[in-house]
Amino acid sequence: MKHLTAAITVLALVMLSEAQHQAGFCAFYDECGRNPSLDETLIPPIVPCLNYSPARHLTGEHYRRFKEVCPMLDQGEGNTYGCCSIGQLASLETSLSLSKGVLNRCPSCAENFAHMHCMATCSPNQTLAVKVTKVMNVTYLGKPRDVVVAYNAYINNEFADTAFQSCKNVRLPATGGFAISTMCGRYGATLCTPQRWYDFQGDSSNGLAPLDIDFFLIKGHDTTGLPEGVIPYNGRALGCNEYTPSGSEPCSCQDCEMSCPSVSPPATPPPPFRLLGMDGFLVISIILSCVLICAFLLYVIVSFWMSSKKRKDQSGEKRKNKSKVKEEKDILKRTIHPSEVTCADKTSLVAQDFLSSVFQRWGTLMASYPLTVLLLSAIVVAVFSVGLKSIELTTDPVELWSAPNSQARQEKEFHDKNFGPFFRTNQLILTAPDRKGDIYDSLLFGKQNFSGIISKDLIIQVLELQQKIQKIEFWSEDLNRTASLKDVCYAPLNPSNPSLTDCAVNSLPQYFQNSLENINAKAIMTELGVTKEVDWRDHLIYCLNSPLSFKDITALGMSCMADYGAPVFTFLAVGGYSDDDYTNAKALILTFSLNNFPRENPKFNVALQWEKEFLKIVQDYEKDPATNFTFAYMAERSLEDEINRTTAEDIPIFMISYLVIFVYIAVALGEYSSCKRLLVDSKFLVGLGGILVVGCSVLASMGFYSWIGLPSSLVILQVVPFLVLAVGADNIFIFVLEYQRDVRRDGETREQHIGRVLGHVAPSMLLCSLSESVCFFLGALSTMPAVRSFALYAALAVLMDFALQMTAFVALLSLDARRQDKNRCELFCCVSVSEKHSDKPNEGFLLPFMRKYYAPALLHRYTRIIVMVVFILMFCASIFLMLHVKVGLDQELAMPTDSYMLRYFSYLHTYFEVGVPVYFVTKRGYDFTSEEGMNAVCSSVGCDQFSLTQKIQYATNYPDLSYIAIPANSWVDDFIDWLNPGSRCCRLYTTGPNQGQFCPANISSLLCWDKCMDGSATSAIRPTVEEFHRFLPDFLGNRPDLQCSKGGLGAYDTSVVVGDNGEIIASRFMAYHSTLTNSQEYTAALQKGRELASSITEAMRKVPGTSPDFEVFTYTLTNVFYEQYLTIVPEGLFNISMCLLPTFVVCCLLLGLDLRSGLLNLITIIMIVVDTVGVMTLWSIDYNAVSLINLVTAVGISVEFVSHMTRSFALSIKPTRVERAAEATANMGSAVSTSSFRTQSYMKGFKATKSFL
């Protein structure tokens, strides 16, 4: 029998060689069963029978089927001949329906694709362009038959190139990629050419072609190498911008560049501001500094001239060369006439006298009953602090930095309410920098570079790690059972009841379906006469270039799809590659996606537990000496965990800082006249009392706001105590030092003495505390929750601190003074010393130093000029630097310095090839069911040139300006393609119990003859309103497969929300940003996205039936964090202005409407703030919400220091401004300086922490 078969085969080959290539003849006809040389295929490989015979005249049903499948070959009924039977037409239609499912959105492409295969299968002149090269003998229907298993097809290059050009830009809406990437094998869309495109279609190893076809593309009339009689087929291929003969419209712009209108690129960012060829802000700053310095010098000259003239008038007959010392003595001896006292001076003195008398009586009262006052103070603090039992600590970054009524927050809530929160990402990025790569000589793909990490042993190790993570199990209290990955994973194709293999895990081993057997698989393959072994490397090369394939073209015949049924796009599996050199990637990416349940859902805690176990496994793996990877990792919970960890670790540092401050206060406040009185004159208990006053004020503030339900945050816990300590300790120093420097008057009791001193300093303390408190209360107008809560907590804490200083601290000082008067030792109250306390005032070291040296040097006539000029220059330079401060906060800065997240961010920016997803979300009020409504959204044939998806496509042409790299998927486009009668996607049961209901594509055509819609397969079909409502749920629930890749399950089932009445309440279209590396780019991407969404909204509102309040907006997971940077500059200016305004008002009021002093106070604080922002630029500190909090804090501290000095100067009764300034510098400046040393010490404690703050 074998010999007979061989003989028949030889005879057939002889017949082939003798067969002529002539018009009107067929090389093969009808079907003769399966291809015996193919085993596992994706569709049945039905092959034709060898039959050299004239073409058949087609009539009746045969002609009708021929016209349906190959209309381009139709010559009219009665004049049409062909070389294919009805059975061949049915098989050809089935084969074409697979490709039409993705190509029908461009009718001319689908027509050209069918044209080429119709020519090879059915052309009446088949033998002119086809040469059979291999036949086999099979037994079909009980008879031996010769079947064609390979042939050559000769096509004119012009036809092939035009057909290829019409198809190369056709999109896959679900992925944003190109359809041709699935039809060009290993080359993908980028390297695909007409020859490679046809080669893939004729390669039976792809699982789709039933036999081998070698396509020869012949240039022009070149006959070199052509068999005798062969005439390359040169039919007319359609351009993608042409109408088809059946009347279908040209392809849309998204699928055909030649159909695109002229679109201007997005506006480029404005160039840097320049003047005279230099930085414009620098020129303005230089001019401003020159103007201010000239104005100041002019003021100095005029003042000197006027004072000289005045001295001449006053001295009369005195000689001009009289010494300066004598002049000053004369001025001191001069009597001030009442007419020289201004109204401002009078009101200042009246206000001072009134406040002093009030506080003097108050201080005397508090000092007289110290124990009672301390007890009542403790009760008040305790009442307020009880609220701490219900304190709510906000750690969610969204709640901290995004206002509930902000646009991004409302958009997030709308998105999460309708589509669910964005899934939780848990990811590893693995590298092997020490591994050397190699070159693999592939039978199919030639020489390919493989990096060190793309090696079999490392891929297996990644698979083992992945499987270990997938097998995580733990006891869940929330579920009251053992939980695993399947309880929380994102399972797009089986969301209701997922198994472990349904969970979305994206990794390189998924190209092998996570099978060690597939990774180790090998096969012998012959290609172009060369026989060689193929293995995992050949499969991987193919899948990296064609991840949507269900079967590779190697002898292995394995799928590229992940085990959960979806493709793994290349950028989700590998990273750090250049162009399309995927096998030379520097990193492997492993991603586990979990459902992001609402926080009140019990499964939210289950997800947190799973992520905790995930981190534990990964961290143990990192510590394992046998690990061959250098890698970075993160879990969705990592950001919050790391911030919380930092806070916990920083608590001891803050405690040490407070201890240092306590020791400093205790030492600095002490009076040290002799060693014997060391413990008597020390102020340890006073210092401790001051710290306790600060702590109690913070606790009272936090307790009060906890009572009323205002949540706290880690920022408040870290910054507010520091701020209140800065303010409170400053007041303590001023009060205690003033008490020590003042001598008790004759007949004056200790309590009266304390009251008199308090009456002298309390107005200044009131001025500062009230200014700061009002300042912070106005700062609470900020829209950022963290800034608002900080300002409220700080404002009340400052008020409580002042109240406790006026009560508890006065009482505590009274008790300490009583002890000191009795010469009793501190801490050892029963021990007393014999040496009496000196009655002389204790000025300490700093006061005499500043009076004798610092003040005279600073206020020398030349020094004053130099200081003013220097500070004017600093102010102008800081204005220039301030205008160049960067706005934003990179994620890295929010992490502690030893966080594993820092490495992850570095790897993310280095190795990831695409940015975050961006959704274009539509709200209620748009009619998707109307033809106009669909056309204004879709991007296929018949759609508007400026539709929603088309505008996004235009934006991807300029990714550097639009920050959008990959076009949006479109459920509308895929729904229309799914309905297309040319595909197998939407059919109806013809018989049986489900008659008239939707029939999936994997069901036999014998049961499902009816199509969902009538019409041409290549026309721009649109469903009616009834059809839209009827079939949309079927589309969204249809699982995509080889027979129908357009099914919406997984891609769109959560992207369309349908109301009870069938209205589309919300839908979304997903695109991808370009790679974003810093906060400035994230902010710019947000702004550009909103501009694009606004343009889309405006256009869609013009569609008939659209509601006026219909809106399209962009949603990205990061929008809520970066939206603040769009408005933080004007908001920051507003907040700081609101802080400065009460400083001026309160200062003027408490100084008796002294506008000059208030203005001087205001200008000084403004200069401090401007200089601070300038230094931020020099130190590369970005301006953000945290910086704004610190600037508000800086304003508060500045108010504290400056206001004390301003008030001391304003109330001085010295005759000249210089003497008044000298007195204020010496007396108040020494106390303020002592306090500032303490503030710097506490700031060093902050520097020692690991947090960004």
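Numbering starts at 1 and runs along the chain as it is shown here.
In case you wondered, yes, glycine gets a Cβ from its N, Cα and C as well.
The domain 'SSD' feature in TrEMBL is assigned to 650-815.
Feature annotation from TrEMBL assigns signal peptide to 1-19.
Within its own chain, the transmembrane segment (280-302) has Cβ neighbours under 8 Å at 272-274, 865, 868-869, 872-873, 875-877, 879-880, 883-884, counting only residues six or more beyond its boundaries. Positions annotated as transmembrane segment by TrEMBL: 280-302 (among others).
Packing against the transmembrane segment (369-388) from elsewhere in the chain are residues 696, 699-707, 800, 804, 807-808, 810-812, 814-815: each is 6 or more residues past its ends and has a CB under 8 Å from a CB in it. Annotation source TrEMBL lists transmembrane segment at 369-388 (among others).
Annotation source TrEMBL lists transmembrane segment at 651-672 (among others).
Positions annotated as transmembrane segment by TrEMBL: 684-708 (among others).
Among the features that TrEMBL reports, transmembrane segment is placed at 714-737 (among others).
Cβ atoms under 8 Å from those of the transmembrane segment (757-784) belong to residues 351-352, 355-363, 401-403, 405-406, 727, 730-731, 734-735, 738-739, 742, 791-792, 794-796, 798-799, 801-802, 805-806, 810, 1124, 1127, 1131, 1134-1135, 1138-1143, 1146-1147, 1150-1151, 1185, 1188, 1192, 1195-1196, 1199-1200, 1203-1204, 1207-1208, 1228 of the same chain, restricted to positions at least 6 beyond its ends. Under the heading transmembrane segment, TrEMBL lists 757-784 (among others).
Here TrEMBL flags 790-815 (among others) as transmembrane segment.
What TrEMBL lists as transmembrane segment is 865-885 (among others).
Residues of the same chain lying 6 or more positions beyond the ends of the transmembrane segment (1132-1152) and with a Cβ under 8 Å from any Cβ of it are 344, 346-352, 355, 763, 766-767, 770-771, 774-776, 778-779, 781-782, 787, 1158-1159, 1161-1162, 1165-1166, 1169, 1183, 1188, 1191-1192, 1195-1196, 1199, 1203, 1206-1207, 1210-1211. Residues or ranges marked as transmembrane segment in TrEMBL: 1132-1152 (among others).
The transmembrane segment annotation in TrEMBL covers 1159-1179 (among others).
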Cβ under 8 Å, sequence separation of at least 6 from the ends of the transmembrane segment (1159-1179): give me the contacting residues as numbers and ranges.
871, 874-875, 877-882, 884-886, 1136, 1140, 1143-1144, 1147, 1187, 1191, 1194-1195, 1198-1199, 1202-1203, 1206
Which residues of the chain, 6 or more past the ends of the transmembrane segment (790-815), have a CB below 8 A from one of its CBs?
359, 362-363, 366-371, 373-374, 376-378, 381, 384, 685-686, 689-690, 693-694, 696-698, 700-702, 704-705, 710, 712-713, 715-716, 719-720, 723-724, 727-728, 731-732, 735-736, 739, 750-751, 754, 758, 762, 765-766, 769-770, 772-780, 782, 1189, 1192-1193, 1196
